[in-house]
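Q: Below are the structure tokens for one structure; questions will follow.
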Amino acid sequence: MRKPIIAGNWKMNKLAGEGARFLMDLREKLPEKDKVDTVVCAPFIHLPLLTEAARDFPVSIGAQNMHFEDSGAFTGEVSPEMLKDILVDYVVLGHSERRELFGETDESVNQKVKAAFNHELTPIVCVGESLEQRENNETFTFVEQQVKNGLEGLSEDQLKQVVIAYEPIWAIGTGKTATSEEANDVCTHIRQVLQDTYSKGVAQAVRIQYGGSVKPQNIEELLGMSDIDGALVGGASLEEDSFLKLVEAGANA
Ligand SMILES: O=C(CO)COP(=O)(O)O
């Protein structure tokens, strides 16, 4: 059994105080860690405050990106070592916004995934096709390539800990969710790729999230699908009430 994982991706939203208040308000309400992994991925500058605020209750804190080097002349960047130092547990890598707007490639994602494991950070590796690719029936081959390239060179043990987020670009922030069947078909394909490329053990262990206009109204159906183990949520993770409902759906899945 794979434990559900619900991760909020705040993107470039909230001021630090708002973020800390958000966590404090959810303090007594979040389900226990044995039922669901709850993760909040916040802007770098909020992370120290949030890891401190989250210390005694069942939520983990994630970053939304990082560099792959530990230190050096990389102006404006943040390293995996720095994230671990302030008790960050997860890092989102290869989000489509970073690929599209900031030049991330499968190769840089792969370097970052390896660096994450060097510092005991759990990577949430994002993959997903554009509308054009979907319409050209290229979804499976494109996503397959992203998965293989992003995870290249990892050990079996590391592979089992990876979280993959399947986020079709056309469904992000558009209100246009993939149907549960469409989402699950791609997640099933990803699991098959993991089995064919690595092993059945890896394929069964890896948790695959769906992301793209997930909200309290559609999460239960998505989590009910055979190969969807959680959600990576943008807009609906910004409000306490809706985030809590998403996490509760994860705990009950
Ligand atoms: O990009 C996303 C999460 O990483 C999805 O964003 P929305 O939930 O706002 O569509």
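We number each residue from 1, going along the chain as drawn.
Just so it is clear, glycine is given a Cβ too, placed from its N, Cα and C backbone atoms.
What TrEMBL says about a protein is an automatic prediction, not a curated fact.
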Q: TrEMBL has Asn9, Trp10, Lys11, Ser213, Gly234, Gly235 down as binding substrate; which of Gly153, Gly173, Gly250 does it also list for that site?
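A: Substrate site check in TrEMBL: besides Asn9, Trp10, Lys11, Ser213, Gly234, Gly235, the record includes Gly173 out of Gly153, Gly173, Gly250.
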Q: Could you state the CA-to-CA distance between Trp10 (substrate binding site) and Glu167 (active site, proton acceptor) to the nearest Å?
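A: Roughly 15 Å, rounded to the nearest whole number.
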Q: Taking only the residues the record lists as binding substrate, namely Asn9, Trp10, Lys11, Gly173, Ser213, Gly234, Gly235, what is the largest Cα to Cα distance between any two of them, in Å to the nearest whole number?
A: 14
Q: Please report how many Å separate the Cα atom of Gly235 (substrate binding site) from that of His95 (active site, electrophile), as a whole number.
A: 15
Q: May I have the list of same-chain residues other than Asn9, Trp10, Lys11, Gly173, Ser213, Gly234, Gly235 whose Cβ is within 8 Å of the Cβ centroid of the recorded substrate site, in sequence order?
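A: Going along the sequence, the neighbours come out as Ile172, Val233, Ala236, Ser237, Leu238.
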